[in-house]
Amino acid sequence: MRKKIVAGNWKMHKNAEETEDLLNDLIDKLPNDVEAQIIVAPTFVNLASAVDHLEFTNIAVAAQNMHQTEAGAFTGEISADMLKSIGVNTVIIGHSERRAYFNETDAILANKVSTALKHDMVVIFCFGEELKDRQDNQHFNVVENQLRDGLFHIENKDWELIVLAYEPVWAIGTGETASPEQAQEMHEFIRETVRKRYGNTIAEDVSILYGGSVKPENAGEIFSKPDVDGGLIGGAALKAEDFSKIVSAI
Ligand code: 13P
């Protein structure tokens, strides 16, 4: 049975003090009785304190990125080993902002995935089409290619560490959400694409999250779709009340 997951991607928000405040607020407000796995992804500099802070809770901590190389002369970068050494076992790879603003190609992402898996890290693998792709009716092709080129080199056994996150670029931070039907249509396609390549068990067991302007008002309807197993939340993850409502909607 696949897991329900709600993850908050804090992007480049919250300094050290604000991170502690938000974590305290989340500990207060998040429901205790949900079956979903809850994940937060603060910035690199606040990961260690987040791990400490959340030690006795059911909230896991993820990094928003990592470098594909084990170690070396890569000024400003962070390795998988460094993340693991502070207790971070989950990493977001392939976010559209990394692809667009930091030139992360499918080939680089494929390497990052391999490195993370080598370190037994859970990978939240993000992908999704741009507005133009959808207008040109290319969205299924784009998503299929992103999966094939960034992820489908992994082995069957690796899938227990993989979470998929479909994030249509046109819905990120825009207030425009994919309709529940659009999300379901794409998630079904994604599961089918995984099924063709890796078989039924892996396809049925992998959690596929939706991301892109998920808010307390629309979360329930999106999460009610059969192939939507949770969400990757940006803006609304920065307010404990909103994030808690989204978690409760699962
Ligand atoms: P928003 O929820 O702000 O649209 O961001 C989604 C996202 O990019 C999560 O990774």
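Keep in mind that glycine also has a Cβ here, set from the backbone N, Cα and C atoms.
Automatic prediction, not curation, is the source of TrEMBL annotations.
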_For the substrate site that TrEMBL describes with N9, W10, K11, G173, G234, G235, which of these is also annotated: S207, S213, S248?_
S213
*In angstrom units, rounded to an integer, how far apart are the Cα atoms of N9 (substrate binding site) and H95 (active site, electrophile)?*
10
*State the count of C-beta atoms found within 10 angstroms of the C-beta of N9 (substrate binding site), not counting that atom itself.*
26
*Within the chain of K11 (substrate binding site), which residues six or more apart in sequence place their C-beta under 8 angstroms from its C-beta?*
Q64, E97, G234
_Long-range neighbours only, meaning 6 or more apart in sequence with Cβ under 8 Å: which ones does G235 (substrate binding site) have?_
G173, S213
_Among N9, W10, K11, G173, S213, G234, G235, the record's substrate binders - longest CA distance, Å_ = 14
